[in-house]
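Positions annotated as transmembrane segment by TrEMBL: 14-38, 50-71, 77-98, 175-193, 200-219, 295-312, 324-342, 362-380.
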């Protein structure tokens, strides 16, 4: 790969079309967290303290973004196994040192408690897995090219790298996060060059399987069968999804209150600072309900449009890059972000079951924010180093 001196100014090398929407989402996050804490009688500490804590996480994340974007494709390729190894180590460690109180509340053994701060290592594993997956695909394609046999081999490699992550997440009872990794794999497989003769029947089987699971979920016999594979609290979430107004579980109450809050906003919302409907854990999983209550349907659409703009800009940067490794990375980041947005908003309005998936850059919490911001750092790296590889060939990065 031939590098040339990059004489473009630092300002011009920054992807402002990514930075600006993320900054808007950061402001929305601080506002929503304040309102969520203000309307939560069980919240410990002042709403201002919650906002300050999230702002500190944003400052930490910005530093991480600046560091990540300094890495070019060569360096990211080299550090991918190290980053992945650290992620696996943390996923194993949390099985032994998980926060007991969080596990009692959520059923998931996926959180460390570090003093006053809880931390979910699977959020850091997401960008680590994206990097490793991109490396595996790039390395395989450079060595073998594309034949039906080599494509099946690549698919086997992808499954082999996904397997330890999926097993560890299963042991943590964190099915929602596992779905994010599956979405990442699904996106990267599409752009990996694997033959459509393999992809079409494979995705067809996945779709049929998903439909079969849905049919089992809504029937007593199917639920009895699935009970061998899922935890009781996960079935409570499914029951809440199917009947939020009639179920008496805490999950159903949370979902029902979220829907009430969003519905109360109607078209234009109830105005700034309103928190008349109590929603449990509103600052994190159900933060979308703050937008719905305060700014109504118009505010919800505006938020979705910000996300849509951000995703489109990520896609544009991906198309403008001249190396395959970056394109695999960007696809993984895009799929991670898309799935987060789709699932979080969907569960807030009862289109999808509750999974505990945060709303990117808006939900309260440090680990999810750091994980998403690492993804942004990877995207910014693409623009930052785009002119460093002016004479790359198909075999180069």
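Glycine is treated like the rest: Cβ placed from N, Cα and C.
Residues 71, 109-112, 121-122, 124-125, 127-129, 131-132, 134-135, 138, 164-165, 168-169, 171-172, 325, 397 of the same chain lie 6 or more positions beyond the ends of the transmembrane segment (77-98) yet place their CB under 8 Å from a CB of it.
The stretches the transmembrane segment (14-38) and the transmembrane segment (324-342) are not in mutual contact, being linked by fewer than three Cβ pairs under 8 Å (pairs 6 or more apart in sequence).
Among the recorded stretches 175-193, 200-219, 362-380, the one sharing the largest number of Cβ pairs closer than 8 Å with the transmembrane segment (324-342) is 175-193. Ranked by number of Cβ pairs under 8 Å to the transmembrane segment (50-71), the listed stretches 200-219, 295-312, 362-380 are led by 362-380.
Sequence-remote contacts of a segment are chain residues at least 6 beyond its ends whose Cβ falls under 8 Å from one of its Cβ atoms, and for the transmembrane segment (295-312) they are 18, 21-22, 24-25, 28, 262, 265-270, 288, 334, 337-338, 341, 345, 360, 362.
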